[in-house]
């Protein structure tokens with residue numbers, strides 16, 4: 001049978017349009033879920049899971065939990081992009097990271113991004129049901145947190161330190177709840193709860209630095225973030241205090257549960273020293289781009305500590321020398337990442353590491 005040239009052209013056009021749509025969707029997801037953030041979510045999820053489930057869990061629920069957390073995070077970013085467009089246009093004007101803001105760089109339209117938030121919310125719900133039907137009770141509060149953070153009249157992002165106090169609910173307690181569900185809702189140990197409390201404080205300290213990049217736009221539109229209310233020095237002092245207290249509390253929880261936790265003492269010392277040095281250097285930098293690079297050093301030091309804690313908790317049965325070797329290897333990896341940021345410091349370009 002002879003092919004109709006017009007029908008063939010229509011099919012080819014439809015295929016081209018479909019492929020273009022897939023590429024656009026993939027690019028949009030890349031902007032909403034940064035690779036460094038995805039790695040951080042995976043590492044933290046693995047760490048929290050190891051606190052509740054020292055044995056294996058089923059692959060399908062674990063994959064569903066990871067994808068659900070990524071949907072939740074992408075939904076949060078999309079909602080924030082929709083509500084902060086005026087601020088982002090100021091902060092990301094001629095900025096290298098404008099490719100991470102789809103409305104600013106024109107990758108998508110406002111209407112399309114609203115549709116994306118609906119799809120992500122549906123995906124979050126469906127994936128959560130695969131983890132545990134009981135866990136569906138957590139979905140409305142998770143979505144409420146995303147909207148409450150960005151949307152008026154609540155808009156926590158403009159209410160000073162309240163945002164930093166509440167946001168770790170999403171970054172720490174939400175993944176912990178999914179890990180708890182994957183483990184079968186066991187009775188959590190005191191050591192696990194103490195460790196999670198320390199991680200909560202560390203994330204709050206890390207999030208104290210999140211608004212440094214946006215000071216100009218936030219001030220222009222009247223968003224009263226913590227750094228605008230209290231100044232840079234106070235922000236850095238509070239960040240240092242929360243990071244330090246969180247680190248010590250996490251160590252206490254890990255020491256109570258893992259015999260090999262003493263191996264984390266040098267990791268904790270190095271992470272604390274790197275974070276303290278980065279915070280101190282921020283005070284000496286008048287240029288915001290260099291401040292962001294030092295903030296990235298602080299963030300990388302916290303991630304390095306989390307990675308070390310993950311190694312100790314996820315593989316507690318390893319011989320001490322093997323755990324130590326893995327910690328040294330991980331330390332070398334994060335040091336190399338820090339060296340890359342150091343090279344960027346020499347050129348003065350911002351690069352937000354995980």
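The backbone N, Cα and C atoms fix where each Cβ goes, and this holds for glycine too.
Taking Cβ pairs closer than 8 Å, the transmembrane segment (32-52) reaches residues 62, 65-66, 69-70, 73-74, 77-78, 100, 102, 116, 171-172, 175-176, 178-180, 182-183, 186, 188-189, 192, 195-196, 199, 257, 303, 306-307, 309-310, 313-314, 352-354 in its own chain, all 6 or more past its ends. Here TrEMBL flags 32-52 (among others) as transmembrane segment.
The transmembrane segment feature in TrEMBL is assigned to 59-78 (among others). Taking Cβ pairs closer than 8 Å, the transmembrane segment (59-78) reaches residues 29, 32-33, 37-38, 41-42, 45, 49, 113, 116-117, 120-121, 123-124, 127-128, 130-132, 142-143, 145-146, 149-150, 170, 174-175, 178-179, 181-182 in its own chain, all 6 or more past its ends.
The transmembrane segment feature in TrEMBL is assigned to 113-139 (among others).
Under the heading transmembrane segment, TrEMBL lists 160-183 (among others).
Outside the transmembrane segment (189-209), and at least 6 residues removed from its termini, the chain residues within Cβ reach (under 8 Å) are 44, 47-48, 51-52, 163-165, 167-168, 171-173, 176, 226-227, 235-236, 238-254, 256-257, 295, 298-299, 302, 305-306. Residues or ranges marked as transmembrane segment in TrEMBL: 189-209 (among others).
Distant neighbours of the transmembrane segment (230-255): 160-161, 191-206, 208-209, 212, 261-262, 264-265, 268, 271-272, 275-276, 279, 282-283, 298, 302, 305, 309, 312-313; these residues of the same chain sit at least 6 beyond its ends, with a Cβ under 8 Å from one of its Cβ atoms. Taken from TrEMBL, the feature transmembrane segment covers 230-255 (among others).
TrEMBL lists 261-280 (among others) with the feature transmembrane segment.
The annotation transmembrane segment is assigned in TrEMBL to 292-314 (among others).
Residues annotated as transmembrane segment in TrEMBL: 320-343 (among others).
Residues 236, 239-240, 243-244, 247, 251, 254-255, 294-295, 297-298, 300-302, 304-305, 308-309, 312, 320, 323-324, 327, 331, 338 of the same chain lie 6+ residues outside the transmembrane segment (261-280) yet bring a C-beta within less than 8 angstroms of a C-beta in it. Long-range Cβ contacts of the transmembrane segment (160-183) within its own chain (Cβ-Cβ under 8 Å, at least 6 residues beyond either end) map to 41, 44-45, 48-49, 51-53, 57, 61-62, 65, 68-69, 72-73, 76, 131-132, 134-135, 138, 142, 145-146, 149, 196, 199-200, 203-204, 207-208, 210, 224-226, 229-230, 238.
Note on the transmembrane segment (113-139): residues 28, 32, 60-61, 64-65, 67-68, 71-72, 74-75, 78-79, 81-82, 102-103, 174, 177-178, 181-182, 185 of its chain, located 6 or more positions outside it, place their CB under 8 angstroms from a CB of the stretch.
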